[in-house]
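What TrEMBL records for this protein:
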- A:6-126: domain 'Thiamine pyrophosphate enzyme N-terminal TPP-binding' (DOMAIN)
- A:201-335: domain 'Thiamine pyrophosphate enzyme central' (DOMAIN)
- A:399-548: domain 'Thiamine pyrophosphate enzyme TPP-binding' (DOMAIN)
Amino acid sequence: MAKEKMTGAQALLRCLELEAVEYVFGVPGGAILPVYDALFEATHQKGYHLKHVLVRHEQVGAHAAEGYALATGKVGVCFGTSGPGATNLVTGIADAYMDSVPLVAITGNVPKSLIGTDAFQEADITGITMPVTKHNWLVTDVEDLPRIIKEAFYLARTGRPGPVLVDIPKDVQNATFEFEYPETVNIPGYMPAPKEPPRLADAATLIRSATRPVLYLGGGVRSSGSYAEVLAFAELVGAPVVTTVHGKGVFPETHPRCLGMFGMHGSRYANYAVQDSDLIVALGARFDDRVTGKLSAFAPEAKVVHLDVDPAEISKLVTATVPLVGDLKVLLPRLHAEVQRVFEARGRPDLGPWLARVEAWRTKHPLRYAQEPGAPILPQKAIDVLYEKTKGRAIVATGVGEHQMFAAQWYKTDFPRQFITSGGLGTMGFCLPAAIGAQLGKPGELVIGIDGDGSFQMTLQDLATAVELELPIKIFILNNLFLGMVRQWQELFYDNRFSQTPLKDCPDFVKLAEAYGCLGLRARTLEELEPVVDQALAPRGGPVIVDIRVRRQEKVFPMVPAGAPLNDMIGGE
Amino acid sequence: MERTEEAQNYSLHTISLLVQNLPGVLHRIAGLFSRRGYNIASLTVGPTERPEYSRMTIVVRLSSMTVDQVVRQVQKLVPVVEVRELKPQDLVERELMLVKIKTPEANHSELRALAETYEASIVDVSPDALIVEATGNAGKLDALEDRLKAYGIQEICRSGRIALERGFKTLAPPNLK
């Protein structure tokens, strides 16, 4: 590539173009002004594709970039200025770190000469984000900028994906140099090859010998995009399949072997199956405490085959009988071939009795709710209606709380990248930003948000962004006038002492929607529910906010209390 | 904290790292240890035979199962080129100690003799104080420190452990050798 003289700010934008970035979500400010000025210039040039989305809060910018990344599988990008702009990004960056979302965050910083002087709007953002990024950089020499951006995108999207941050002082943005984009990346210590060959034969032997196996699928299946491989493998092994909340959609939930989500709010049958299994084959999953329950009592008879791209996840929490480190997309077909060979040589194990037991649990303890006519709308019913009305095909973004778990339980996902949620960090306010990002990434798809009244109020200012972009997202607020999940814990474990959980003075969400220029709708009764959902889902050029008043006391069941074994559930019998 | 190694025995482990010589690398590594609750007993950093890499030796008090986890977590840090636990039977370890003793001149010859038995030397002398310099493994330095107590220790500075594996093995992967 020919060298070209330009500023650091111009170089940054050129790098983003070369990385095929479509959208950047951000808010300008003093220390990133050169970049925004270069953007002004670039967007007036013909053939320039990068679009900037002005969000109203940097946290939303980071979450929207996550929503975009989760819906498309591409890298999400966000901008923030120095100091408060940068620190506002931190929640989104931490969220992306916990959920392995590929994200590149770019921050401006005060000029190099002011760094370390407690200058106006100065924050040590590389120091602050060190624990929540795969890696970060403070660019001190404009000559390093192209290489660093190249490395940033490479790190974000390869291996176990995750967020990175590049902090660029204002004088570096202004400095001019001869731009050249490197073609290759050379990071000596990154992703070293495993020292030992994968123990595929051992894994296949375990699978052949198991009489009560389960397949446990996590977000790593989504990251690696190995849905076809996983489906073929699951059909070969014939075991029941359970997923995490991030595994939703990587395996069709309507498949007869799929038990759906397990864990704290998983179904009884999924939890019983995991707990009683004699072999867990974990693919791209990390044994989070929200799925294992009490670790020392987790699946006591199970051996574990653990396949993950991140060697540090192996035996971090649950000891792997056979660890398999590598990319699922590469390693799973090899395991598949090995298992097939063993099955052909030694016959298939008879899983009949096990599958019969699992089906008996499913019949005896289905997920259920009892909606009575004339009674307040149950949140489960609302999700059920959304599932029916969208024919199970919508991209669903959620906030965090009871509504999220109701959505995970009742919105069955058959497609990967369909359920977009904050799992690891559990970030309230995630729904609206994620829906914005997802809709931009998937303009032809129906994107709905399922949010709670508490969660929605954490980022609602960005309705303005959705209106400005005329995004046809539909946000359904399951409104119980409570911080519902906290209330649930207070009811169950704190003797009904509802300390600071009632949200008595919730705004009128219909008027709020109208104030922002959205269509606002409300369903108070069961009779109103379906017509209102129909009205909301009708094609429209901008966002719709639906206030669904649900039964205030409804709780998410079943529930594994924190610190209890997985099969020690309350409710939902 | 619930972990797989619950109720295991804790002991000192030596972890050796080859890291890219970049700003902030120590912060990244020390930060990883603190946020994951691994207790650092000592940490040393210094240059290697190649200026673009530094070597760190970290001694941690952990169960042996956790050590594997620590090594894997540290390996994930981008500037970390190579990391390995060095087993006690395979390593040569050294620590440097400086001890300032406040003692009358009359005791100096006795201290010289004591230092000699520990292959230590006296590197600074003033009328009422001297500094002893010693190298060796931690056990030897502890023993010397114990003996010096009788003379009135005023100040101690110890370097923390540095270590290399015996034999031909090196930490660097082949492309860096």
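The first residue you see is number 1, and the count goes up from there.
Using the three backbone atoms N, Cα and C, a Cβ is placed for every residue, glycine included.
Predicted, not measured: the structure shown is a model, and the values here were computed from it.
Mapped onto DSSP helix, strand and coil, the domain 'Thiamine pyrophosphate enzyme TPP-binding' (A:399-548) counts 63 helix, 26 strand, 61 coil. With DSSP states grouped into helix (H, G, I), strand (E, B) and coil, the domain 'Thiamine pyrophosphate enzyme central' (A:201-335) comes out at 52 helix, 30 strand, 53 coil. For the domain 'Thiamine pyrophosphate enzyme N-terminal TPP-binding' (A:6-126), the number of residues in each DSSP class (helix H, G, I; strand E, B; coil) is 60 helix, 22 strand, 39 coil.
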